[in-house]
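Annotated in TrEMBL:
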type	residues	note
DOMAIN	39-198	domain 'SIS'
BINDING	Asn54, Gly55, Gly56, Glu67, Asn96, Asp97, Ser122, Thr123, Ser124, Ser127, Gln174	substrate binding site
BINDING	His63, Glu67, Gln174, His182	Zn(2+) binding site
Amino acid sequence: MEDLIDRISAALRESASVKEEMARDPELLAAVARAGEMVVRSLRSGGKLVLFGNGGSAADAQHIACELVGRYMIEREALPAIALTTNTSCLTAIGNDYSFDEVFARQVRALVRPGDVAVGISTSGRSRNVILGMRAARELGAGTIGLTGAGGGELCSVSDVCIRVPSKLTPRIQEAHIAIGHIISEIVEVELFGGEAGGVP
Ligand SMILES: O=C(CO)[C@@H](O)[C@H](O)[C@H](O)[C@H](O)COP(=O)(O)O
Ligand SMILES: [Zn+2]
């Protein structure tokens, strides 16, 4: 029991200290602000948000998409966002007929239009399908935001804005990614609707 308590406490402190470091890093704060502005600009001019990643990052992509399609903290109109991780027919057919590397790029070519924003999420920054999805989005004239870890990997080289969480541990990086997703959702609601957090009954 004592061992478990120590383990739990260490994980929570580790997670908190990654976020503390982020809160004091001017470069990272500016990157999140730029990402928020890019999303707001796109939504204002009729664009949409397209998100993708693998495993826990697939869950993050879906979660963040739904903050816009549903609501985050205030009551307002629905906003256009889609995660490319939810259509199992597409994922299995593209994976089977082409390759798993193509599962996001093919959907990007079908759905992304100039002025949209693609958000690629990869803790290692090296997932091939995420890199190819981002490249396809760039070729189509979309803005690209990469969410990754300390390494940054190739993902940063295909991202207009690259947000690197200062950790090399996948779960700690994911925990920070979802915090950033929430912050960007807040920026969208404040900038587009003048909403303040805490408004949902
Ligand atoms: O959630 C976890 C581990 O916390 C895993 O499901 C993890 O997301 C998967 O191993 C992913 O395939 C890792 O890919 P990536 O983040 O390096 O792009
Ligand atoms: Zn995870």
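Cβ coordinates are placed from backbone N, Cα and C, and glycine is handled just like the others.
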Among Asn54, Asn96, Ser122, Gln174, the one of these binding-site residues whose Cβ has the fewest neighbouring Cβ atoms within 10 Å: Asn96
Spatially closest candidate among His63, Glu67, His182, the listed binding-site residues, to Asn96 (substrate binding site) (Cα to Cα): His63
Listed binding-site residues adjacent to ligand 2, that is, members of Asn54, Gly56, Ser122, Ser124, Gln174 whose C-beta is under 6 A away: Gly56, Gln174
Whole-number mean of pLDDT values that fall within the domain 'SIS' (39-198): 97
Close-lying binding-site residues around ligand 1 among Gly56, His63, Glu67, Asn96, His182, where CB distance stays under 6 Å: Gly56
Euclidean distance between Cα atoms of His182 (Zn(2+) binding site) and Gln174 (substrate binding site), Å: 13
DSSP three-state assignment for Ser124 (substrate binding site): coil
Neighbour tally for His63 (Zn(2+) binding site), based on other Cβ positions within 10 Å of its Cβ: 16
Cβ atoms near His182 (Zn(2+) binding site) (within 10 Å, other residues, all chains): 16
Euclidean distance between Cα atoms of Gly56 (substrate binding site) and His63 (Zn(2+) binding site), Å: 10
Euclidean distance between Cα atoms of Ser124 (substrate binding site) and Glu67 (Zn(2+) binding site), Å: 24
Alpha-carbon distance [His182 (Zn(2+) binding site); Gly56 (substrate binding site)] in Å: 16
Site extent for substrate (largest Cα pair distance over Asn54, Gly55, Gly56, Glu67, Asn96, Asp97, Ser122, Thr123, Ser124, Ser127, Gln174, Å): 32
Asn54 (substrate binding site) to His182 (Zn(2+) binding site) - Cα separation in whole Å: 19
